[in-house]
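Okay, so here's the structure we're looking at.
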Amino acid sequence: MKANSSTLIKLLVLLCLSVLSVSQDFDFFYFVQQWPGSYCDTMTSCCYPTTGKPAADFGIHGLWPNYNDGTYPKNCDASSPYDPKKVADLRSGMQKNWPTLACPSGTGVAFWTHEWEKHGTCSESILDQHGYFQAALDLKKQVNLLQALTNAGINPDGGSYSLSSIKSAIQEAVGFTPWIECNTDTSRNSQLYQIYLCVDTSGKNVIDCPVFPRGKCDSEIEFPSF
């Protein structure tokens with residue numbers, strides 16, 4: 001009887017450790033939003049989705065699980081493919097807020113498939129497929145980057161703005177410092193391309209970034225129209 005009890009306790013301990021390990025399989029998310037004007041101005045190919053030209057607003061690029069050392073997991077569960085049925089009620093919101101401009105653009109399904117299977121599966125111990133896409137949509141609405149910038153007089157009009165003013169405007173609105181990624185157009189202008197914010201493992205709360213990606217923008221960058 002004692003031997004059986006001892007074995008049971010050991011199994012319970014191992015089970016608890018296993019659950020803890022699964023729940024800590026990444027440290028935070030990068031929530032990445034992309035400015036379409038910069039993408040279409042600097043990429044060799046830019047195609048509108050079948051739903052038409054997206055609104056002149058930041059679009060979601062992804063919600064990416066990361067580790068505190070700057071590395072990241074990917075393609076974590078081949079047995080969990082993207083399933084459109086699981087996000088059917090989110091489809092219109094995804095088409096509006098998570099469009100793809102890569103050619104061929106299509107309906108967006110190829111893009112969403114890539115994002116779920118490469119990144120989303122690495123957070124499925126916390127967010128299932130529906131929860132993953134819902135979290136990204138909620139975060140976009142919560143941070144409202146375009147409004148944060150325009151409220152500070154930073155407009156997508158092709159003008160140049162200081163990198164520090166862009167960061168300050170977002171920090172003032174969101175409460176946390178973003179990381180800015182730039183593209184370079186054919187005239188060698190540095191352009192506002194993507195904005196990274198860090199989010200806790202629940203996918204709900206913006207946090208201070210444990211680490212920023214590598215890369216550098218000029219001190220003055222263009223905010224192109226779209």
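Yeah, the Cβs are placed from backbone N, Cα and C, and that goes for glycine too.
Long-range Cβ proximity for His61 (active site), meaning a same-chain Cβ under 8 A and a gap of 6 or more residues, is found for Val32, Gln33, Gln34, Gln194. The active site annotation in TrEMBL covers His61 (among others).
Here TrEMBL flags Glu115 (among others) as active site.
Around His119 (active site), the C-beta neighbours below 8 angstroms that are at least 6 residues distant in the chain are Gly62, Leu63, Trp64, Pro65, Lys74. As annotated by TrEMBL, active site applies to His119 (among others).
If you look up TrEMBL, you'll see 1-23 marked as signal peptide.
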